[in-house]
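Pulled from TrEMBL:
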BINDING   B:Gly12, B:Pro13, B:Ser14, B:Gly15, B:Val16, B:Gly17, B:Lys18, B:Gly19  ATP binding site
DOMAIN    B:5-184  domain 'Guanylate kinase-like'
2 protein chains.
Amino acid sequence: MTERGLLIVLSGPSGVGKGTVRKELFSQPDTKLQYSISMTTRSPRDGELDGIDYFFKSREEFENLIEADKLLEWAEYVGNYYGTPVDYVEETLQKGKDVFLEIEVQGALQVRKAFPEGLFIFLMPPSLSELKNRIVTRGTESEDLINNRMKVAREEIEMMDAYDYVVENDKVELACDRIMSIVTAEHCKRERVSRRYKKIMEAEF
Amino acid sequence: MTERGLLIVLSGPSGVGKGTVRKELFSQPDTKLQYSISMTTRSPRDGELDGIDYFFKSREEFENLIEADKLLEWAEYVGNYYGTPVDYVEETLQKGKDVFLEIEVQGALQVRKAFPEGLFIFLMPPSLSELKNRIVTRGTESEDLINNRMKVAREEIEMMDAYDYVVENDKVELACDRIMSIVTAEHCKRERVSRRYKKIMEAEF
């Protein structure tokens, strides 16, 4: 009767600091999140272990997994494949653990298709939240600079729409607190709790 | 362009400790919640101030407000009316403050009708979460005791269905943390954040 874990996907525009936030989250001693181990075709670096740092695979093995639809998301960078193995995620969720994925926006959209019930968090650059102040002071800035900033802002606001939550990365610690609050709140959702108790009652009577 | 605050309603079975949790929440110096001041027809006690402890009204005034649909919820106890004035709640929300209400289950159902977008939190007695363990050890308990416990549990599980979140009151501090996490998470909901930015963009361009 273990309750299935949550799949938590952290994503956002490149350069927003997803990796830093993820490292901070996992440096906390009381974290109950399980980091999703990626799969790659690149060679292990000194000290990297298979099944801990990455699942290391040959190109052929990786392509077979793509073919068999065994990757939640994947991409090719500088001649190597990187991806998230669906079986590992699925088994960890079934054990009742919350799985945490930190990936690029394109990957997040792929994951959403396979796990629509996942919890998708958009890490927002503080530049966007400063937008309003900047608009107010724009008298002092060039038209080009303002137009470019507006274009980026518009793209980021559109990007958000694929997510469930938006967390501003103004300070890494604050961003982590918000992410942990979201996870706590999701575990308190009535559907989840009520389903658990209804199962207990049914099982016993 | 102030974002409307959230209406947070804490309720649950009588005796679960709603008042204790509410007091603990408001004893925290960094709370940003605004406690909703109740209206009553009972006389002020020593030291109680109008507009701080309660809004004190005559019976006639109160009945006129009921008539005019100006109470979010109300009830009569030992000859006195108690209720939540809708105007105060509405004005506070419009200032962008989160309003916190702690009320009985019947009142919560009334509030839900007027504010379906509110955040309804069910405070769950720890006796319910201990249900599973108790079932396992039931060999040592009388049939009557078990049946009665099951009846109560069934009622509580059904009560939950009208709420958005369920928070176990195993420890007051933990319950408060969960409630604050729920409030934080709700402020990070994409619809809220995205709406705010879309408004900024529209207002400026």
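Every residue, even glycine, has its Cβ placed from backbone N, Cα and C.
Other residues of the same chain near the ATP site, with their Cβ within 8 Å of the Cβ centroid of B:Gly12, B:Pro13, B:Ser14, B:Gly15, B:Val16, B:Gly17, B:Lys18, B:Gly19, are B:Leu123, B:Pro125, B:Asn169. All chains included, 17 other C-beta atoms sit within 10 angstroms of the C-beta of B:Gly17 (ATP binding site).
Here B:Ser14 (ATP binding site) comes close to B:Glu104: these same-chain residues lie at least six apart in sequence, with C-beta atoms under 8 angstroms from its C-beta. Confidence annotation: the domain 'Guanylate kinase-like' (B:5-184) carries a mean pLDDT of 90 in the model. In sequence order, B:Val105, B:Pro125, B:Glu156, B:Met159 make up the list of same-chain residues 6 or more apart from B:Pro13 (ATP binding site) whose Cβ falls under 8 Å from its Cβ.
Remark: B:Gly19 (ATP binding site) has B:Glu102 as non-local neighbours, by Cβ distance under 8 Å and separation of at least 6 in sequence. The Cβ neighbour count for B:Gly12 (ATP binding site), using a 10 Å radius and every protein chain shown, is 26.
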